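Taken straight from Swiss-Prot:
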type	residues	note
CROSSLNK	Lys118	SUMO1 cross-link
CROSSLNK	Lys118	SUMO2 cross-link
MOD_RES	Ser2	N-acetylserine
MOD_RES	Tyr11	phosphotyrosine
MOD_RES	Lys91	N6-acetyllysine
MOD_RES	Lys106	N6-acetyllysine
MOD_RES	Lys118	N6-acetyllysine
Amino acid sequence: MSSKVSRDTLYEAVREVLHGNQRKRRKFLETVELQISLKNYDPQKDKRFSGTVRLKSTPRPKFSVCVLGDQQHCDEAKAVDIPHMDIEALKKLNKNKKLVKKLAKKYDAFLASESLIKQIPRILGPGLNKAGKFPSPLTHNENMVAKVDEVKSTIKFQMKRVLCLAVAVGHVKMTDDELVYNIHLAVNFLVSLLKKNWQNVRALYIKSTMGKPQRLY
């Protein structure tokens, strides 16, 4: 772990989040979020960063991925029960903004066959891109299930106009170790994106959806 957040602090915060949750059982699986507050950063002038990092354990088990596939990929997706759409189904949306928006809302992320990816903007318009869900490419050499898992366990840091951001790093059914490892990966990656690394970090918290925030830094 980087020297700025000690192992003990991290484990203590994780235990607080997980045990706080055990006291109040919710009817849904609470996500654990890493909340970051930045300083010495001017979103207007400084370069807005964005980057993705793959975590060891999938932070959101219910995260849904849809394959926009050629015939072979659609057949594969069907065989393993992964949601999919072929090019004909996409053409039927007829670039209708409402329908494309609905599609973007329905799934958390998309994969598209390499052969189709360049055609997506032409067939669907800019809707998926606007929603921040432009598909990742899927080749025929890749194992589809593994690729979907990779998408599910990848998180994105994106600096917008404000000096705080939040990302899902896990959920409350994880073990302490799984959650600590995910947070460790996420924090170190985030700090590496910042212009002045730790000097740009004002505070770090973790919290479950309904729980109290626990300060890490």
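Using N, Cα and C of the backbone, Cβ positions are placed for all residues, glycine too.
Feature map: annotations from Swiss-Prot on the structure.
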| residue | record | Cβ neighbours (10 Å) |
| --- | --- | --- |
| Tyr11 | phosphotyrosine | 14 |
| Lys91 | N6-acetyllysine | 12 |
| Lys106 | N6-acetyllysine | 10 |
| Lys118 | SUMO1 cross-link | 10 |
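The shortest Cα-Cα distance between Tyr11 (phosphotyrosine) and any of the recorded positions Lys91, Lys106, Lys118 is the one to Lys106. Distance from the CA of Lys91 (N6-acetyllysine) to the CA of Lys106 (N6-acetyllysine) is 17 Å. The residue listed as 'SUMO1 cross-link' sits 14 Å from Lys91 (N6-acetyllysine), taking the C-alpha atoms as the reference points.
Lys91 (N6-acetyllysine) falls within a helix when secondary structure is assigned with DSSP.
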